[in-house]
Amino acid sequence: MADQLTDDQISEFKEAFSLFDKDGDGCITTKELGTVMRSLGQNPTEAELQDMINEVDADGNGTIDFPEFLNLMARKMKDTDSEEELKEAFRVFDKDQNGFISAAELRHVMTNLGEKLTDEEVDEMIKEADVDGDGQINYEEFVKVMMAK
């Protein structure tokens, strides 16, 4: 899995990894994993983090070494880039299947994910992604936002 990463990606991950490997022992604690991944532009949920940690932390000691971390990031990046997964995610947001994500649909999904957002926050998220300015997010705009993560 990690062999599909470019040298640039590997050195970027190594740099981020060592920022959080405070004592330089080659391991990071599980609670630091989320921070590391967010610093690399990934945005895992708590549930995703727990799943990833469970997959990697076989002995349950709460730490992850660099090779395990690389495999994790490679897997996460592969998932993120998958066209089918993007379409599926878009369909989850686009409740009425009209090809657009409205503010109401975005708020609904985010609430279901446990993210209670104000109207202003929802509007801001829409505005950030809404390239053509129609007040909704179409599939192309959605993909652009997801790929930028």
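Any Cβ shown, glycine's included, is placed from N, Cα and C.
Predicted, not measured: the structure shown is a model, and the values here were computed from it.
Going by Swiss-Prot, these are the annotated features:
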DOMAIN    8-43  domain 'EF-hand 1'
BINDING   Asp21, Asp23, Asp25, Cys27, Glu32  Ca(2+) 1 binding site
DOMAIN    44-79  domain 'EF-hand 2'
BINDING   Asp57, Asp59, Asn61, Thr63, Glu68  Ca(2+) 2 binding site
DOMAIN    81-116  domain 'EF-hand 3'
BINDING   Asp94, Asp96, Asn98, Glu105  Ca(2+) 3 binding site
DOMAIN    117-149  domain 'EF-hand 4'
BINDING   Asp130, Asp132, Asp134, Gln136, Glu141  Ca(2+) 4 binding site
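Structural mapping of features recorded in Swiss-Prot.
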| residue | record | contacts (Cβ under 8 Å, 6+ apart) |
| --- | --- | --- |
| Asp25 | Ca(2+) 1 binding site | none |
| Cys27 | Ca(2+) 1 binding site | Asp21, Thr63, Ile64, Asp65 |
| Glu32 | Ca(2+) 1 binding site | Phe20 |
| Asp57 | Ca(2+) 2 binding site | Thr30, Thr63, Ile64, Glu68 |
| Asp59 | Ca(2+) 2 binding site | none |
| Asn61 | Ca(2+) 2 binding site | none |
| Asn98 | Ca(2+) 3 binding site | none |
| Glu105 | Ca(2+) 3 binding site | Phe93, Asp94, Lys95, Asp96 |
| Glu141 | Ca(2+) 4 binding site | Ala129, Asp130, Val131, Asp132 |
Chain-mates of Asp94, Asp96, Asn98, Glu105 with C-beta within 8 Å of site centroid, Ca(2+) 3: Phe93, Lys95, Gln97, Gly99, Phe100, Ile101, Ser102
Spatial neighbours, same chain, of Asp134 (Ca(2+) 4 binding site) - Cβ under 8 Å, 6+ residues apart: Phe100
Least Cβ-crowded entry, counting other Cβ within 10 Å, from the binding-site residues listed as Asp21, Glu68, Asp96, Asp130: Asp96
Rounded Cα separation (Å) that holds between Gln136 (Ca(2+) 4 binding site) and Asp23 (Ca(2+) 1 binding site): 47
Candidate with the highest Cβ count within 10 Å, taken from the binding-site residues Asp23, Asp94, Asp132: Asp94
DSSP three-state assignment for Glu68 (Ca(2+) 2 binding site): helix
Cβ neighbours of Gln136 (Ca(2+) 4 binding site) where a neighbour is any other Cβ within 10 Å: 19
DSSP three-state assignment for Cys27 (Ca(2+) 1 binding site): strand
Collapsed DSSP category at Glu32 (Ca(2+) 1 binding site): helix
Three-state secondary structure, Glu141 (Ca(2+) 4 binding site) (per DSSP): helix
The domain 'EF-hand 2' (44-79) - residue tally per DSSP class, helix then strand then coil: 25 helix, 3 strand, 8 coil
Thr63 (Ca(2+) 2 binding site), number of other Cβ atoms within 10 Å: 19
Beyond the site residues Asp21, Asp23, Asp25, Cys27, Glu32: chain residues whose C-beta lies within 8 Å of the centroid, for Ca(2+) 1: Phe20, Lys22, Gly24, Gly26, Ile28, Thr29, Thr63
